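Asks: So TrEMBL lists these for the protein:
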| type | residues | note |
| --- | --- | --- |
| DOMAIN | 619-683 | domain 'CBS' |
| DOMAIN | 716-773 | domain 'CBS' |
| TRANSMEM | 15-34 | transmembrane segment |
| TRANSMEM | 115-136 | transmembrane segment |
| TRANSMEM | 197-219 | transmembrane segment |
| TRANSMEM | 271-287 | transmembrane segment |
| TRANSMEM | 299-323 | transmembrane segment |
| TRANSMEM | 376-398 | transmembrane segment |
| TRANSMEM | 410-429 | transmembrane segment |
| TRANSMEM | 476-497 | transmembrane segment |
Amino acid sequence: LHTDRKHHHQHYLHLYYWVKLLSLSFLVVPHFSLPGGYEEYSSSRAAGMNGNGPTKLVDPLEDPVPGVGTYEDFNTIDWVREKSKDRDRHREITNKSRQSTVALLHSVSDAFSGWLLMLLVGLMSGALAGGIDIAAHWLTDMKGGVCLIGFWFNHEHCCWTSNETTFQERDRCPQWQSWAELITGTSEGAFAYIVNYLMYIFWALLFSFLAVTLVRAFAPYACGSGIPEIKTILSGFIIRGYLGKWTLIIKTITLVLAVSSGLSLGKEGPLVHVACCCANILCHLFTKYRKNEAKRREVLSAAAAVGVSVAFGAPIGGVLFSLEEVSYYFPLKTLWRSFFAALVAAFTLRSINPFGNSRLVLFYVEFHAPWHLVELAPFILLGIFGGLWGALFIRANIAWCRRRKSTRLGHYPVIEVLVVAALTAVLAFPNSYTRMSGAELISELFNDCSLLDSSQLCGYKQVCSDRPAGKGLYTALWQLALALVFKMLITVITFGMKVPSGLFIPSMLAYYNHDWFIFKGWCSPGADCITPGLYAMVGAAACLGGVTRMTVSLVVIMFELTGGLEYIVPLMAATMTSKWVADAFGREGIYEAHIRLNGYPFLEPKEEFEHSSLTVDVMRPRRSDPALAVLTQEGMTVGEVEALVESTHYSGFPVVVSKESQRLVGFALRRDLLISIDNARKRQEGIVSASQVVFTEHAPSQAPDAPPPLRLRGIMDLSPFTVTDHTPMDITVDIFRKLGLRQCLVTHNGRLLGIITKKDILKHMAQIANRDPDSILFN
Ligand code: ADP
């Protein structure tokens, strides 16, 4: 009987491990991918998607300085133009630098400014991330009680100074009082429990209410994870105020509040956004970056790396994340800069030491057991289930967000948040695992008790200390399983997604594998030869891989995060399978799916264009449209040009030799035209509506009494990109993607025929995929 009981006990022990580790792999995902579903709604609102018009919510403080070369809001930048502008500027500085020492110094400082900027971005983001970590920790503990020697101490710090606690019981000290102790004077009994319960709910509601109202009142762009938008911005889209100072301030504050309120969301995605805001703001210190959208995007790419670096304590993973996932244009120079910035940020965070453990990462674990070749099979299995789950997650999440947009649900974001927060708090409190914050729980779960069993360290870890006694074990098992189910369900509501039930099965299988004779050969008697923590890690990577479709960066982040350098191969196998499996159900990762959901004009570099259409099918004007609006290089008056510009909304006009010949000369941007005409009139050079507009090199012969001509050759792009009407669309798409074009002109037999813009291509692609072409917004 005794051995039977023991066996039974053992059985539960293993089960307990697996539940624990499963919870872990599940928990890591929200920490990475998205921060909270409610925000999705406001994010689309903020971007003006619900017919409110995009300009309404734009931060007035971020208004652009008008001038030649800046872009309007919700427009696409022209990479080629920006890069050539930068080259010109650079050439000028180099030429000047030969003339005087001051100019030489200027040129040196100009060359150095990129690195200086990176240093500043790293310092600022690292400091902010440290601050966020500390504040979130403090506010999370605030839900449970308060420190009497100073309310600004969190639970752990409060008890550090206490002499009355032992190492094992370092969480209990008289200085730290739960709300019940403070109000009723006792910490025992049902009444005290209820007081604590109510206070917990109260704080959770307060924090989430503050978070959502702050976002709504001050910075609508501060919601959501921000990664889909940053991806779009990096690909060359302008969303003014998205990376502005208000967004930064509000996002930093509300991130702390949202994390502390206990909502099932992670702070890592938003940290990328915070780092990008820092970079964007710091760019204003340097003319080189302030004035050039392409150069600024190089800095933002590096900032994305910084964000991940401080979020996970994974600098290299951050650089790779930027390269693989968010960046559009990533030259080697940006790689080095990202590397440097990530290093600075990691260093700053390490100096702040927000976790008090002298480590960069929260989830540091050390497994010592090697893995066996046979274990690759379960790893791959984990990958398959991770992929399946990822595909399911994306579908469910998108379906939920659609519903939120289309139904009345989306009209009450504050109520939605409050309901979800209340539900989370009400259900979370009774269970000690869900009561703590997500990050705390993960680090607790990651702790591989089987290895620490004998060591003293295990004593203070709750998960472990619940373990030994028979009864305690059942309770712990039960609680953990409940925690897992709860976390799944609440994340369903918070994210609007379905449960990863598939994940259970492989892990259960792996659990039974443990007793298989096949492993017996390797195991020294009595020792665990399988490291459950490893499976959790691999499972987590597989889930993340399925959701985000990252590979290289994910593996690097995982091993930087956990310190499990020996387990690269299992991680690689799992992420690769997970990507394959998930890709079979649709190529898009969660970020791309959200980009499409929100209708951002993003030309996906990963997707291939396989349709056999020709450029003539996509170009404008179509047969029914009004003819192409063109300027002639001479013969038009200022009044005519103004009338043409005013009567249309196009962002640029091709310049031709004459209306009859339609021979192409160049391309002039609407904005430049308006500004030049305006400036010329202001300077009163005799320019009136009847003056001729001239794009040629030599002034045409005019009647002697005619007003002086307005010469605009300077603003004309003399080398616009052209394709012919018979260029296959896949080549045109490639040109747009690789060069980052905004528009391209189409010719036929050397005559100008039409124009094609990035949005035209996106609409065409949407049409091919049977999607609504008008879902591409910001027209
Ligand atoms: P976007 O496509 O980014 O909104 P525009 O506002 O310049 O860019 O163009 C709007 C639409 O008008 C596009 O479909 C484009 O092909 C077309 N278009 C652009 N310029 C001209 C022009 N000069 N004459 C006629 N149609 C144009």
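Indices start at 1 and increase along the chain as displayed.
Just so it is clear, glycine is given a Cβ too, placed from its N, Cα and C backbone atoms.
Predicted, not measured: the structure shown is a model, and the values here were computed from it.
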Asks: Out of 115-136, 197-219, 271-287, 299-323, 376-398, what stretch is closest in contact terms to the transmembrane segment (410-429), meaning most Cβ pairs under 8 angstroms?
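Replies: Selected stretch: 197-219, with the most Cβ pairs under 8 Å.
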Asks: Averaged over the domain 'CBS' (716-773), what pLDDT does the predicted model reach?
Replies: 90
Asks: Take the domain 'CBS' (619-683) and count its residues per DSSP category (helix H/G/I, strand E/B, coil), listing them in that order.
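Replies: Here the numbers are 23 helix, 17 strand, 25 coil.
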